[in-house]
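Peer 1: Let me give you the structure first, and then I'll get to my questions.
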Amino acid sequence: MWRLARCASSNLSRSLRRRFFSTAAIPAPCIIHKRGTDILHDPWFNKDTGFPLTERDRLGLRGLLPPRVISFEQQYDRFMESYRSLEKNTQGQPYSVVSLAKWRILNRLHDRNETLYYRVLIDNIKDFAPIIYTPTVGLVCQNYSGLFRRPRGMYFSAKDKGEMMSMIYNWPAQQVDMIVLTDGSRILGLGDLGVQGIGIPIGKLDMYVAAAGINPQKILPVMLDVGTNNQKLLEDPLYLGLRQPRLEGEEYLSIVDEFMEAVHTRWPKAIVQFEDFQMKWAFETLQRYRKRFCMFNDDIQGTAGVALAGLLGTVRAQGLPLSDFVNQKIVVVGAGSAGLGVLNMAIQALSRMSGNNEMAAKNKCYLLDKDGLITKERKNIDPAAAPFAKDLKDVEGLREGASPFEVVKKLKPHVLLGLSGVGGVFNEEVLKAMRESDSTKPAIFAMSNPTMNAECTAADAFKYAGPNIVFGSGSPFEDVDLGNGKVGHVNQANNMYLFPGIGLGTLLSGAHIITDGMLQAAAECLASYMTDEEIQNGILYPSIDR
Ligand SMILES: NC(=O)C1=CN([C@@H]2O[C@H](COP(=O)(O)OP(=O)(O)OC[C@H]3O[C@@H](n4cnc5c(N)ncnc54)[C@H](O)[C@@H]3O)[C@@H](O)[C@H]2O)C=CC1
Ligand SMILES: CC(=O)C(=O)O
Ligand SMILES: [Mg+2]
């Protein structure tokens, strides 16, 4: 039996309705195959006390709710009031207590009434992004077993080998457009969190809904649980994932292969975003699938696009034409999936601008990892980092393994960019050395997440490197008061500025694969949003609510 109801989502704004449903102004009724409490327990259809009496009759709800009908707007105001009073009541308490309390109240709403959840999320994205996304999402992942109440998304484990093709049909939605997939092996800068990493696909997909208007009924967060090498989790009796070491080699790849085949059999046009895979699998899976499936790796490719937009903005901030990008010296600290992704894309752009002279482009870029400057002298060099290794004769005065301080002191780079996952790598000494940069407006990007893993804080960057810098960080920091009415602007250099657009653009264009050219265009488009005035004020990216 099915019944008609005004869809809960008819409470969304007109423009959103158009985006979600492509309908005209009058909300279309939606067909519900449920009745009574089943509707109240389905967050997609549930309107809480908002069901009008006629609908309560039609849907078998009469008597199951308190008699008074509370409008969507009233419910919205009530939620925001309780959120604001929570903020007031937790003032002065530790960050983890406050932000987890905020996450809980939002998550409960998400579980109960999706329409209201996405409405408040979209309207208040600037306030809520740090809760559903970095940094709080990191804390949520770390505490996932304790916070777990209801599952969200799908879980495919090593135990499901051979079953995935049928399992994928257990997902209730007919159509899925956007999937974010993780194996939990490198969650932000927090390392291997196993099954607890599911918080990341959930948060990323919320950003897809809020920022790109993707229909929330057509998103799917996925955890591929192939075990964990995190000893603490393996010993935790409440850990919810497989208690076994991670699969490796062909065994691992056969699980990912099976998942990709299953997804694309059921939803051939679905886009899969790979997220927070440890480096070796991030690169391997990207090469393995990018020509066969519509997929991309956000950490390698999304991050690179946002960084490139930031680098182009930095050139403009110095009052130089974009063509001057070819003269910028760039030091990247962190040679993992994100750092190498950024260097690859920056070199592609530099080389295009310098008449396809890749060598000249590479000469301008320097790469460091946990053992310092990477040179050709490095023993057991990672093949992915090898193309960026410096010949010692080209870095006179520096040695293999030189520290960030030595490198900055010697090279006086225009840009210092951190994707190391280690908090405090840009210490006082390194930041002070940036004062001697060859640039009139040196750029410091402390892009590692969450906040405690940032290479430096915004306050330290402006304090030690001087007020004239351009600053970006992966997780949000408050703008810095520089005195005399001056403000040091903090840019959130985070791939969230690109991935929702990459997914939406791919979906709308019907592209079968995601090419480097598409990503390059996305980065240049992001850079072009900013006016000269904004750029002069050190603002490289639009405000999140734009
Ligand atoms: N802002 C953003 O949009 C993004 C930020 N990230 C962040 O970047 C960080 C790294 O991510 P991945 O590259 O995927 O990790 P990864 O584990 O693949 O690479 C980390 C790299 O940092 C190096 N490293 C470790 N300790 C170091 C130290 N003390 N000094 C210098 N280098 C050091 C390692 O040798 C390795 O090369 C994470 O914190 C992640 O949250 C990643 C993607 C996007
Ligand atoms: C932002 C992001 O994707 C990361 O930190 O891994
Ligand atoms: Mg990531």
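Every residue, even glycine, has its Cβ placed from backbone N, Cα and C.
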Peer 1: May I ask you to find which of D257, D299 TrEMBL records for the divalent metal cation site already listed with E275, D276?
Peer 2: D299
Peer 1: Of N229, N230, N449, N537, which one shares the (S)-malate site with R186, N494 in TrEMBL?
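Peer 2: According to TrEMBL, the candidate sharing the (S)-malate site with R186, N494 is N449.
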Peer 1: Between K204 (active site, proton acceptor) and Y133 (active site, proton donor), find the distance joining the two CA atoms and give it rounded to the nearest Å.
Peer 2: 7
Peer 1: Near ligand 3, meaning Cβ under 6 Å from any of its atoms: which of the recorded positions R186, K204, E275, D276, D299, N494 fit that description?
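Peer 2: If the test is a Cβ under 6 Å from any atom of ligand 3, the answer is E275, D276, D299.
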Peer 1: Tell me the Cβ contacts of N449 ((S)-malate binding site) under 8 Å, same chain only and six or more apart in sequence, or just say none.
Peer 2: T134, P135, G138, L188, G189, G474, S475, N494
Peer 1: Do any of the recorded positions Y133, R186, K204, D299 touch ligand 2, in the sense that the CB is under 6 Å from one of its atoms?
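Peer 2: Listed by sequence, the hits are D299.
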Peer 1: Rounded to a whole angstrom, what is the C-alpha distance between R186 ((S)-malate binding site) and D276 (divalent metal cation binding site)?
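Peer 2: Between the Cα atoms of R186 ((S)-malate binding site) and D276 (divalent metal cation binding site), the distance comes to 5 Å.
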Peer 1: What whole-number Å value do you get for the CA-CA distance of D299 (divalent metal cation binding site) and Y133 (active site, proton donor)?
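Peer 2: Their Cα atoms are separated by 15 Å.
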Peer 1: If you measure E275 (divalent metal cation binding site) to Y133 (active site, proton donor) at Cα, how many Å is it?
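Peer 2: Rounded to the nearest whole number, the Cα-Cα distance is 13 Å.
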